[in-house]
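Right, one structure below, let's go through it.
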Ligand code: SAH
Ligand code: F3S
């Protein structure tokens, strides 16, 4: 099973950053979890780079170790705890080394972290990264430092992220932070706070600057991109209090897409994550209108059963979801969809499980990210519902859903065979270093033999002649 969105091999990977005037100290920065965390690490790197920190890929020589953490499932937290345990001996040898925890676990556990993990000196939540220089001063004076204040405004709009460990071709651009949706299973509203949108001017400037620096694809990021709403600042919840002028000139997600597509006309544009209850037909129309917006929507559904959807507070029915998918297929005939599913949510019956499977068959997703339900302390489901599905039942249902997605993926990949696709060259294939790997507009990965004159970042026409379950096999056409 894949970890969400981020290449499995990148989980917990440390990165190097630019060399600037040095303060003589070395930072080791590791990220876990979703794309947003990887994007946030680029903001953290930028802030610390300004302070003169250089990065190292060798933890043994680090003066500052930072882990940007994920709380979405218990397993994600265990991974970080295990990683911290590995630093214990290092800290004994180098007592002056500072160890900090950033991101969602920092926000969820707050001071508990300092009590439970003796080696942690610094705890910083996702809205407090600007305070890092001050917090680090406190740790230099030998005190533990913590800032987990969540903000209603912070979007880090003016911070130019240092692009970490990427391929120089694809980049993330954050457009919203936080989430107001309160799905009952989800810890994100608690760890990332109120939803707020970033100033469209700063988004466009960042996209243009990426284009000028050779980037060829951006992914606009938010927990819930469809609820993007810019009216001059503040959380979306306060929109009702905005002035008439602010309301008249407000910009929604479809309009933002339109603006970005025009501002960087040759840049490939993707976005993640869409939320079925807020996604509009207008967004599909923008995909259809602009060639540079990819024909792909990640549209998590979590379950195919209305009863479970209601318990999850997803705010839409199975039929509404299917209607939205149908609209998308009508407006963008060559569109692809992927899903997130939670298997074994509280009270899930065999019948509910079958409804999830039948929905998957109906939609025919290209990909899926499927997880066993993991109860998260503090969430509404944890407080009000019993995590009552036995682990072996969850495992069996999860295996069935993964197997079904495998079949659907294979079928969808087969549908791409026999046609020419425009593929953006994003890197070298892991299995064969004489082959490129890239993706088509629908986000399907394609590998093909390198030809003279081709380079990273080129968009090339590839004839697809075969496929595996998740990959297209092709060759470039001249
Ligand atoms: N809107 C967000 C969702 C973040 S959570 C986004 O940007 O994708 C990502 C996925 O993790 C969810 O769609 C859900 O499928 C899964 N997830 C969230 N909470 C979970 C839990 N308690 N147990 C298992 N999976 C969970
Ligand atoms: Fe979580 Fe639902 Fe928001 S899954 S991130 S509360 S849309």
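For all residues, glycine too, the Cβ spot is worked out from N, Cα and C.
Keep in mind it's a predicted model, so treat the numbers as computed, not measured.
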Need a hand: TrEMBL gives 70, 104 for [4Fe-4S] cluster 1, which of 34, 179 is also on that list? 34
Here are some binding-site residues: 34, 70, 104. Which one has the most Cβ atoms within 10 Å of its Cβ? 104
If you take the centroid of the Cβ atoms of 34, 70, 104, the listed [4Fe-4S] cluster 1 site, which other residues of that chain have their Cβ within 8 Å of it? 32, 33, 36, 37, 69, 71, 72, 76, 103, 188, 191
For residue 183 ([4Fe-4S] cluster 2 binding site), which residues in the same chain are close in space, meaning a Cβ under 8 Å from its Cβ, but six or more apart along the sequence? 302, 312, 313, 314
Enumerate the residues of the same chain, 179, 183, 186 excluded, that satisfy the criterion Cβ within 8 A of the mean position of the Cβ atoms of the recorded [4Fe-4S] cluster 2 site; list them in sequence order. 181, 182, 185, 187, 188, 189, 223
Around ligand 2, within a Cβ distance of under 6 Å, which of the binding-site residues 34, 70, 104, 179, 183, 186 show up? 179, 183, 186
List every residue in the same chain as residue 179 ([4Fe-4S] cluster 2 binding site), at least 6 positions away in sequence, whose Cβ is under 8 Å from its Cβ. 186, 188, 189, 192, 195, 223, 224
Summarise the model confidence on the domain 'TRAM' (414-478) as a single mean pLDDT, whole number. 96
